[in-house]
Every structure is written in C-alpha cells, then in structure tokens.
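This report refers to the structure that appears directly beneath it.
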Amino acid sequence: MLALLAASVALAVAAGAQDSPAPGSRFVCTALPPEAVHAGCPLPAMPMQGGAQSPEEELRAAVLQLRETVVQQKETLGAQREAIRELTGKLARCEGLAGGKARGAGATGKDTMGDLPRDPGHVVEQLSRSLQTLKDRLESLEHQLRANVSNAGLPGDFREVLQQRLGELERQLLRKVAELEDEKSLLHNETSAHRQKTESTLNALLQRVTELERGNSAFKSPDAFKVSLPLRTNYLYGKIKKTLPELYAFTICLWLRSSASPGIGTPFSYAVPGQANEIVLIEWGNNPIELLINDKVAQLPLFVSDGKWHHICVTWTTRDGMWEAFQDGEKLGTGENLAPWHPIKPGGVLILGQEQDTVGGRFDATQAFVGELSQFNIWDRVLRAQEIVNIANCSTNMPGNIIPWVDNNVDVFGGASKWPVETCEERLLDL
C-alpha cells in the first residue's frame, strides 16, 4: 500500500514539472493499480470545483486516510492472529486428547499460517477461511471426543468389561471365602473330635490309673496281684484299708522280691497314735533285717536281697515276747523278750513299702522298700510250722483271718502300681 501511494505522488510531481501549468491550475491525485504506473496512460482531466483544497492539503489528507487504513488493517491482523493463536492452542490440546488422530489429518491439510496476501480483502477472506477451517477441525475433534466417550468399543465397553471382571472376581472371592469357612468348620469339627478323642483317652487312662491306685482292676483271682514299688522315694507306697484289732499274738507272711542292695528297706510298718513303730519289718543299710514291736528290736537271720522271690513269715506272742522267723518255709531264727506282755494296739495304719515316723506319714526315702510285694496276710495267732511250709511251697492257699491279701483291700499311691503276679509255682522256680 505504501508503494502504491509513493508512485502516485511521484507521478503527479513529474507531470507538474513537465507541463509547467499556469498559476491557479489544479491536480487530481488518483490511486492507480501497480501496472498502470508503468503503462504511462494519461489520466483524464478532472474538473476543478470552486473552493476546493490545495493539492498539498488533498495529498496530506489522502496520506492520513491511507495511514489510518493501514493502522486499522494492522489492528485487524493482530486481532485475527491472536484469535488464530488461541484457536491453534485449543486445536493442539484437542489433538493431544484425540491421541494424535487429528494431527495426522492436519499434517496433510493446507498450511493456513503461510504468507498472507497483500490485498486487505484477500487477507480478511483468507483469515475467515482459516478461522472456519480451525473451527471445523475443532468441531471434528470435539465430535471424535464425544464419539470416544460414547463409542461402545472403547471406554464405555471397557468399563462394562471391567465391571464384569470385577463381578467375576467378587464371585470368585466369595466362593473362596465360603470354601475357607467350610474348611474352618471342618477343621473345627476335626479338632473337636480329636480333642474329644484325646479327652476320652485321657479319661480312660485316668480311670485306669485310678482303678490301679484303688485296686479296682480285675485279676484272675482277688489275690493274684502284686504291688510294684520301682523307686526309692518317700512317696511311693501301698496302704491296707483295714486296720488291726488289739492283738496278743500274730503271724505275718508275705512274698517279696527286692531290687535294692544293700538293705531292702521297709516291706511293711504299722503305726498307732503315740507309737510309730508298733510293728515294723526293716533292713536299713548294712544292718540285718529287724523286727520292731512297740519300738523294741529283734534281729532276724533272713537274707532276701538277691533280687529273687522269697517267702517270709514272722510270728510273735505277747507271752514272754516269743518270736520266730521263716524264709521259704524254713525256720531260720527264734527268740524271746520282744515286747513281752504288750498287746498290739488297734486302730493304726498299715503301710506297704515305707517306714512311718508318724501315723500314715513322714516317710524317709532311705528306708523305703524297692521291689515287689504280694500275698501279704495277717493272722491273729501263731501258725504252726507245717502250715507255714504248706503256704511257702504252694500246697495251701490260706488267707489271713485278720488282713487277707485281696485286691479291694489295697490302695497304691505316688506311682506305685498293681500288676498280675506270677503263679506260686513260678515264684518257687525263682528261688
């Protein structure tokens, strides 16, 4: 535009210089296209109007008008460029959201940001087309975005598939939880059954132990059992339930097998209030076997610490304190003045395997019997020698008339136990 204006001004000045018009002549300035400048075509004379402006003023006014037009066009171009930049930014964002699809289409389209034509009308038209193109592309991208959201093959379907997958996982989880609950219930039932079985077994064992301790176990016959005292302690012992009446004579017989040496300990003891050693048979340390009556002592010539079964009998009478000692049916010793004229006091406690320091208690482990006892019988008279022989050689089974050896009359404590005993003949073979 500025070049066109300069050409017009130069043409007018040249014409004025050549023609040298007379004073008062007028010139008209007309905008010509670029090709008319070089053609050299003369311009028609324009009639002059009275009172018109001078050529300089008209030229100045035209220049100002053209300048204003240029400024307006610059402002329009600036506004259009700003709009283009804004739309281009939106387009870039939309193309980014569309995953690059619109960018591919835009790359093959026309470049709307190239050099602009110099004609203002063309510029405006070109800008309008560019804006329309940008709007169309923006609408296309928005349409694609809406299609992406609503299209059944993309996110919506993915969301549905995800929901289905989550539902399937939830059902699997519920099934697994149900299986775990079933396994837990089954395990609880098995545990309960196992616990009940264990408790039943323990109860049976406890009942068996109780029966053994109380002597309620069944043997071939009531006297076919033995008491086992395997350790030298102060808590393993047997107890005769019945007590003794007042006695002026007695015979005590038993079978024993000692497992300790030296000293078999105390096979039995009878204590009454005021006298813990009313009747005691004991072998302590390297001392010989002793019979105590009312704490009076008689040494017996018996030897039973070889670990074999032996049949032992002792007799006593208050008359002159006479006593006898038999081993395996043979009389090995006799004596007198053992607590003469002293009756055996009634109501005491008869213990197997321990020596009593008080009635029924205060046992001393060093005096405990270790081994097995059986056929412990007490009579209230002195048995004849032949009777003792017959008992010892298994010819006669004669229970004591005061204390018989029967299962329900013997309790065991502290780990002592009752077991079936060997037959009398088997014990004889062990002599």
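Using N, Cα and C of the backbone, Cβ positions are placed for all residues, glycine too.
Swiss-Prot annotations:
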type: SIGNAL; residues: 1-15; note: signal peptide
type: CARBOHYD; residues: Asn148; note: N-linked glycosylation site
type: CARBOHYD; residues: Asn189; note: N-linked glycosylation site
type: DOMAIN; residues: 223-424; note: domain 'Pentraxin (PTX)'
type: DISULFID; residues: Cys253-Cys313; note: disulfide bond
type: CARBOHYD; residues: Asn393; note: N-linked glycosylation site
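Cys313 (disulfide bond): 23 other CB atoms within 10 A of its CB, across all protein chains. Classification of Asn189 (N-linked glycosylation site) by DSSP places it within a helix.
Summarised as a single figure, the pLDDT of the domain 'Pentraxin (PTX)' (223-424) averages 92. In sequence order, His311, Ile312, Cys313, Phe326, Gln375, Phe376, Asn377, Leu383, Ile388, Ile391, Gly400 are the residues near Cys253 (disulfide bond), counting only same-chain partners six or more apart with C-beta under 8 A. Separating the Cα atoms of Asn189 (N-linked glycosylation site) and Asn393 (N-linked glycosylation site) is a whole-number distance of 60 Å.
Cβ neighbour density within 10 Å is lowest for Asn189 among the glycosylation sites Asn189, Asn393.
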